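*Asks:* For reference, the structure I am asking about is given below.
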Amino acid sequence: MSKSDLNLLVENIKFEHLSIFYDFILSVLNTLSISDFELSVILCDNVYIQKLNNKFRNKNEPTDVLSFNYNEVNEDLVDGINYKIQGDLIISFEYLKFSAQEFNVEIYEELQRVTIHGILHLMGYKHETNDFQKEGMLILQENILRKNKRVF
């Protein structure tokens, strides 16, 4: 029996588009053929994510997104990819303001991009570089974004 559980939380920031964001995440999961999931997404500020980044990665600095996968090693992998997600995504909305400026995109587009990125990592996808032209995971990420992009 498959589970579908998506929780959105907001820590130390204002975010008024939870319903649009919620629908976006469900659409991405559907595009990826994921119907069995327990996923929590926390939108936060730089202080919140920096504490977690320091605690779990020994990097005392903020970052855009952290993925925490709670899946046990299982036999449900298809070519190394897990279609059953159990984990948390922590996203610094404050950090995304800087990334969006750097990449010359709207902040909500960047939010959607890093959300997809985190979900792909929870599935087991990896990338060695940030080359959007050559890295399979990043090409997939951009294709999913094009198919599911929302206006906030």
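The count begins at 1 with the first shown residue.
Cβ coordinates are placed from backbone N, Cα and C, and glycine is handled just like the others.
These came from Swiss-Prot, pasted as-is:
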type    : residues               : note
BINDING : His117, His121, His127 : Zn(2+) binding site
*Asks:* Would you identify which of the binding-site residues His117, His121, His127 has the most other C-beta atoms lying within 10 angstroms of its C-beta?
*Replies:* His117
*Asks:* Identify all same-chain residues not among His117, His121, His127 whose C-beta atom falls within 8 angstroms of the centroid of the Zn(2+) site's C-beta atoms; report them in sequence order.
*Replies:* Ser67, Gly118, Leu120, Tyr125, Lys126, Met137, Leu138, Gln141
